[in-house]
Amino acid sequence: MKEKGLLIVLSGPSGVGKGTVRKEIFSQPDTSFEYSISMTTRAPRDGEVNGVDYFFKSREEFEALIEQEKLLEYAEFVGNYYGTPVDYVKETLEKGKDVFLEIEVQGARQVRKKFPDGLFIFLVPPSLSELKNRIVTRGTETEDVINNRMSVAKEEIEMMNLYDYVVENDQIDLACERIKAIVVAEHCRRERVEPRYIKMLEVE
Ligand SMILES: Nc1nc2c(ncn2[C@@H]2O[C@H](COP(=O)(O)OP(=O)(O)O)[C@@H](O)[C@H]2O)c(=O)[nH]1
Ligand SMILES: Nc1ncnc2c1ncn2[C@@H]1O[C@H](COP(=O)(O)OP(=O)(O)O)[C@@H](O)[C@H]1O
């Protein structure tokens, strides 16, 4: 029987670079994971496309999805709902493909309960001051919101021991390489792939 795919969850504090690293991974031609497009009630930003960046929903539509148990997990983040469509994730894993979720920490916790065998990766900043720099540089938040996010970030970072791996996002390309290497290593470990070198030795 074909192995089921691996559920890969990338999470970490707000502003650490989850979205940036995820976009970089999916822009690389050798990436073989499937990205699960989330549902959200937040308004589309300039250039964002429905069904590509997110499935944009009204609050009523989102609450109906919760009611119908169509979401693997969901969370309210800065006044908006975000959630992962459960059917897409299950069907894609069933086909033997790896599914990649990029979600905030409350959602990751819910996924861990439902998929204890998932691969949970926590992205950390090089330092708290660098995290603050990134949130400030992104320029989407006021001073008050930034201070609030920093105290939430400290609590979020304390949750990193719930994860299988911690990856530092010092440089975007290095963080991507680390994540991809972890996925390859996990596949070998879980599937106990007979390394082709063993076959080579048997022949000789
Ligand atoms: N729980 C959960 N969080 C999500 C989901 N999709 C995106 N997020 C997270 O929601 C947060 C806000 O995302 P967004 O509004 O796109 O703004 P960003 O801060 O620029 O990434 C980020 O931390 C995302 O990782 C999801 O399906 N579920
Ligand atoms: N390795 C990095 N070095 C410097 N800046 C980064 C790095 N990764 C991300 N950033 C910047 O940090 C800010 C937050 O990144 P973002 O991907 O929006 O974070 P998150 O999705 O975790 O909230 C953005 O302005 C992004 O360009």
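Glycine is treated like the rest: Cβ placed from N, Cα and C.
Just so it is clear, the model here is predicted, and its values are computed rather than measured.
So that you can see what the record holds, here are the features copied from TrEMBL:
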- 5-184: domain 'Guanylate kinase-like' (DOMAIN)
- GLY12, PRO13, SER14, GLY15, VAL16, GLY17, LYS18, GLY19: ATP binding site (BINDING)
| query | When the number of other CB atoms within 10 A of each residue's CB is tallied over all shown chains, which of the binding-site residues GLY12, PRO13, GLY17 has the maximum? | reply | GLY12
| said: Within 10 Å of its Cβ, which one of these binding-site residues (GLY15, GLY19) has the largest number of other Cβ atoms? | reply: GLY15
| request: Write out the long-range same-chain contacts of SER14 (ATP binding site), meaning residues 6 or more apart in sequence whose Cβ is under 8 Å from its Cβ. | output: PHE77, GLU104, ILE135, ARG149, VAL152, ALA153, GLU156
| said: So if I take the binding-site residues (GLY12, LYS18, GLY19) and measure from each Cβ to the nearest atom of ligand 1, which come out below 6 Å? | reply: LYS18, GLY19
| note | Here the mean pLDDT of the domain 'Guanylate kinase-like' (5-184) is 94
| query | With the ATP site defined by GLY12, PRO13, SER14, GLY15, VAL16, GLY17, LYS18, GLY19, which remaining residues of that chain have Cβ atoms positioned within 8 Å of the Cβ centroid? | reply | LEU123, PRO125, LEU131, ARG134, ASN169
| request: For VAL16 (ATP binding site), just count the other CB atoms lying within 10 A of its CB, please. | output: 26
